[in-house]
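A short write-up of the structure that comes next.
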Amino acid sequence: MHTKTAKLALAMLGATLLAGTALAQETIKIGVTQPLTGAFAASGNYVAQGARIAEDEINAAGGVLGKKIQLVIEDNKSNPTEAVATVEKLIVRDKVPVIMGAWSSTLTLAVMPKLQEYKVPMVVETSSSGKITTSGNPYVFRISPTSEMEAVAFKPLVAKLGIKKADFLNTNNDFGIGSAAEYSKMLKGQGVAVGVMETMDPKATDFSAQLTRIKASGGDTLFVTTAVEQVTLILKQAKELQLNARIITTGGSNSPDQLIAQAGDAANGSFHTVFFPPWFPEVVTNPEPAKRYMTEWQKRGHEPGGLTEGFRGYDGIFTIAEAIKIAGKAEPAAIKDALWKTKVKGVYGNIEFIKQGPAGNESGQNIPSVYLVKIDGGKVAKSGL
Amino acid sequence: MDQLLQHALNAMILGGTYALLGIGLTLIFGIMRVVNFTHGEVYAFGAYMMYMFVMLIGANFIVSLVLAVVLGVMLGALIEIVLLRRLRGADIDTTMLVMIGAGIAMQNSEQLVWSGVAKSINSPFPSAPLVMGAVSVSWTRLFVFAVAVVLIAATYALIQKTRLGKSMRATFQDREAAALMGVRIDRVHTATFALGSGLAAAAGALLGPVFVVYPTIGDLASLKAFAIVILGGLGSIPGATIGGFILAFMEELGAGYVSSGYRDAMGFLLIIVILLVKPTGLFARKERIG
């Protein structure tokens, strides 16, 4: 009797285990590492929310290769050391065949050696430092523009805005330093004088010293590169110090809606490069996915100010899903090869990868659209690009 | 010259808030010997309370400020009674680990409650700055400076003139002797921690409307507070006040005339130099060891 019960129990256990594996096989895991806490928490959460929208949309349409996709989202705490740990965990423990991440350039650069070590490809959705795609890491595929692309796209506006002398204020990390270097190079090429190049700690809140020096330099335009929290403070403090230079923020993580809400009057007259303009979605290359993304974002009650950031995650997951489809199997090597053939009609524009970096070890780089908008009277207006 | 004047004005205003942060910590660190990693989080708490009262409830600005400080005092008392009281005999490392844990827990709670998106607090002062010739300063910052000066003076008077202040100083000089003389050490510890925390909350509530509020604002506040306390000498209120102003001037002039990339390094460079010359800090009082 006892043996019979035991056998029955064993059989049931076996059945459950089998069912368990069968169920596990029905999903394809995609790793995501984003700063969900720490200095970049706001932006990292927006990207994760955008990624979730893509996950649900893809699964509602039947998934990939007949299986549902499943995002494994890890918090890299805005910290490079933690970012490396999340990538290691995603690859070793969760056995994901592909990753999306890691928001800031510094975080992305920190995790890149791990991709090479484990031979797992990563789609970079936000970072803009040139080094990411030029350092010879063949596992990196970036859908966001580099600072250089942004600067080149900006070139025709130099004359249009009448920029004669420019000053710089950027956050003291790979993103800020890279952007200031590319923009100043481009401006010098256009015959614009470059005044002072000031930096600030990514956590700093008081910029009175830098802004006083910028005011003394007397440029007509100030290029600012950092995340939205510091941009807000800079706009407010520039007004307090009566800095009259035109302020242009670069890098696309500047959320003009949030600036209007938080900097108030001080935001008026400032310019911002963005890579998706939700205020006039009709101008983007592919209005169809842009509308789907925006509708769902609103339906879920996400912060409207996050629209300019969330689409990065949305596009990143669609790019990965398409690559898995082309690869025909969810394995790192196959996905890496497939990414080169991937073409996606995304919010970023028509996503496809060109080769960048040293021959033989090229990284993939997409060429997205860049838009310049102006805040005027508490509203966002088109302004070239 | 205009630039120098503006830098000096910026540094004065910044120094007032640094001093406020430093005084709160020097009381706790100096008198209680608690390496207080919750100081920056109480600062953030003060800022969030200000946000809640002004922006969500719509209370008067001054009333909100007072309420934020009172809640900060209560939070400080709570931390002392719940965490520190039972660690009274523990060595400094144990206490430090507990405080690091408490700081992390508080920061993550802020994130959970308020989300990572920065919040801004409207100030009732005109947004156009006060212009004096070539220099200008915002009205909100002037208000912050004035309140900071009043709070610093009040704290100094409390320590020097009141019975509670006398007990605090006695405890700092010699814990055992003070206890033998009838000073209620437990009460002094709670009051000191609550007072120090109240000052941190005040700094947060004052600076919230100047800057924006997000969960990690406490990190830098905490770092600066420790720097100021070490600069001024443990437990010295004039030391923390002057230390706060010195740090502000170093940062401001260093960033203005040397390099803004090393703005935060300037202050620490100065600390290294001062500690080399005077290892107890600028104004450390003599204390009995052992």
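Residue numbers in this text run from 1 along the chain shown.
Glycine too: its Cβ is placed from the backbone N, Cα and C atoms.
Record note: among B:12-35, B:36-59, B:12-35 is the stretch given as transmembrane segment by TrEMBL. The stretch in B:12-35, B:65-84, B:138-159, B:191-214, B:262-284 that contributes the largest number of Cβ pairs under 8 Å to the transmembrane segment (B:226-250) is B:12-35. For the transmembrane segment (B:138-159), same-chain residues at least 6 beyond its ends with a Cβ under 8 Å from one of its own Cβ atoms are 12-13, 16-17, 19-20, 23, 27, 65, 123, 125-127, 129-130, 165, 168-169, 195, 199, 202-203, 206-207, 209-210, 237-238, 241. Among B:12-35, B:191-214, B:262-284, B:191-214 has the largest number of CB pairs under 8 A with the transmembrane segment (B:65-84). Outside the transmembrane segment (B:262-284) by six or more residues, the chain places 224, 227, 229-236, 238-239, 242-243, 246-247, 250-251, 254-255 with a CB less than 8 A from a CB of the stretch.
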